[in-house]
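Among the features that Swiss-Prot reports, compositional bias 'Polar residues' is placed at 1-10. Marked as phosphoserine by Swiss-Prot: SER19, SER31, SER40, SER472. Residues or ranges marked as Fe cation binding site by Swiss-Prot on the basis of similarity to another entry: HIS331, HIS336, GLU376. Residues or ranges marked as site 'Important for substrate specificity' by Swiss-Prot on the basis of similarity to another entry: ASP425.
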Amino acid sequence: MPTPSASSPQPKGFRRAVSEQDTKQAEAVTSPRFIGRRQSLIEDARKEREAAAAAAAAAVASAEPGNPLEAVVFEERDGNAVLNLLFSLRGTKPSSLSRALKVFETFEAKIHHLETRPAQRPLAGSPHLEYFVRFEVPSGDLAALLSSVRRVSDDVRSAREDKVPWFPRKVSELDKCHHLVTKFDPDLDLDHPGFSDQAYRQRRKLIAEIAFQYKQGEPIPHVEYTKEEIATWKEVYATLKGLYATHACREHLEAFQLLERYCGYREDSIPQLEDVSHFLKERTGFQLRPVAGLLSARDFLASLAFRVFQCTQYIRHASSPMHSPEPDCCHELLGHVPMLADRTFAQFSQDIGLASLGASDEEIEKLSTVYWFTVEFGLCKQNGELKAYGAGLLSSYGELLHSLSEEPEVRAFDPDTAAVQPYQDQTYQPVYFVSESFSDAKDKLRNYASRIQRPFSVKFDPYTLAIDVLDSPHTIRRSLEGVQDELHTLTQALSAIS
């Protein structure tokens, strides 16, 4: 089986075949699992991208042959059509431009912007220029205007305006990031373990209401968990904790001990998000925010940019304690929270979020896939051994065993490769990516993110909890002033100890 380093064979005790494991472990790896698909950010991001592409294709397909509006992209605004138009002039005489502009005057079009550009497709005998005009005209006159422009100009075509998708600029705007993916809701999915359990469904609605009513900055309301919910937690907690010493990474183990000491992590009590959020805030600046289910990929990643982790409060159904088709508090509290208490990993998580702000649907899908193979199912090397750091592994007994057995393929982490790697959401992953260290993974991610096409860069301001959009010399200079202040403080500190 390929591994990142052939010169460093893995200890037999950590990468064993399923057949070599004890009976309980073997059953956990091979036992039937919940047959519904696990929810994932990748699936949601893919659907968003495909929906946008389908809408664009439908618009083109619906255009009638010979229609002047065929393949023309415009925006409806108060009965007017607003669009960008590109065209080339016929001939080189100045009167050619006059004739073209006369058309806009005749139809009383309001011109917002006019400029010349180097022609992308220069015509023989014509100047190597084309004209870009953004204008507004009554919608009923648009077809006639375009027909007239085509009679006096060449290569007439509309240009879609590149719009940057909305993203929150202030932490308070996370209240708008609430788009849930409900495919695996117990009220809707026949295969969900809780579908036929009316009491469970009502309980989920009650807990979900906390998230729906929550506003950023408020204390997170406590949940009084039932005896059955605590019993489910106890089974998951005790089973997974028995594996952590040999399978979890060093950072997870250290944070888990602190959580047991300060946040009430124990078998007979489910920790409250408010207490855990205070703990994380003091450690790495991350905060928790209650959420009713799986958020859309764009909304979830945007939250990470503010060091806010959207966290569920409900618990999986008692009939399926070792597996859940959706994120629940076992997954969040046992898998994600300990890792978010590590400074380097917290920065890695925030970097993924920052890279997502204003990114295209295609890039969101790729970032979601990188997130899947790192934050959810990532492995790392420590002291020559493979260890798990992904929350999907650290909250699933069977997959944790599987990931460190000899069954799956293990590859060195490379964001470009991971971003397009097919993923598995019906059974265990056949492929995992291993990082040399969290610092190495962070550097590789930043290099990958620097190549995402956006007309700006972004920076998180920890004082105002806001996103600084760096899109002008002024905003960059202002950001540099803050860096200079920090460097001055560090220089003084070095002088004091030297």
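The backbone N, Cα and C atoms fix where each Cβ goes, glycine too.
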Rounded to the nearest Å - Cα separation of SER472 (phosphoserine) and GLU376 (Fe cation binding site): 36
Count of other CB atoms lying within 10 Å of the CB belonging to HIS336 (Fe cation binding site): 24
Where HIS336 (Fe cation binding site) falls in three-state DSSP terms: helix
Count of other CB atoms lying within 10 Å of the CB belonging to HIS331 (Fe cation binding site): 23
Residues within 8 Å of the HIS331, HIS336, GLU376 Cβ centre (excluding the Fe cation site residues themselves): PRO327, GLU332, GLY335, VAL375, GLY390, ALA391, GLY392, LEU394, SER395
Conformational class of SER472 (phosphoserine) under the three-state DSSP mapping: coil
Local backbone state of GLU376 (Fe cation binding site), from DSSP in three classes: helix
Whole-number Å value for how far ASP425 (site 'Important for substrate specificity') lies from HIS336 (Fe cation binding site) (Cα to Cα): 18
Euclidean distance between Cα atoms of ASP425 (site 'Important for substrate specificity') and HIS331 (Fe cation binding site), Å: 15
Entry from the recorded positions list GLU376, ASP425 having the most other CB atoms no farther than 10 A: GLU376
Whole-number Å value for how far GLU376 (Fe cation binding site) lies from ASP425 (site 'Important for substrate specificity') (Cα to Cα): 12
Structural state of ASP425 (site 'Important for substrate specificity'), classified by DSSP into three states: coil
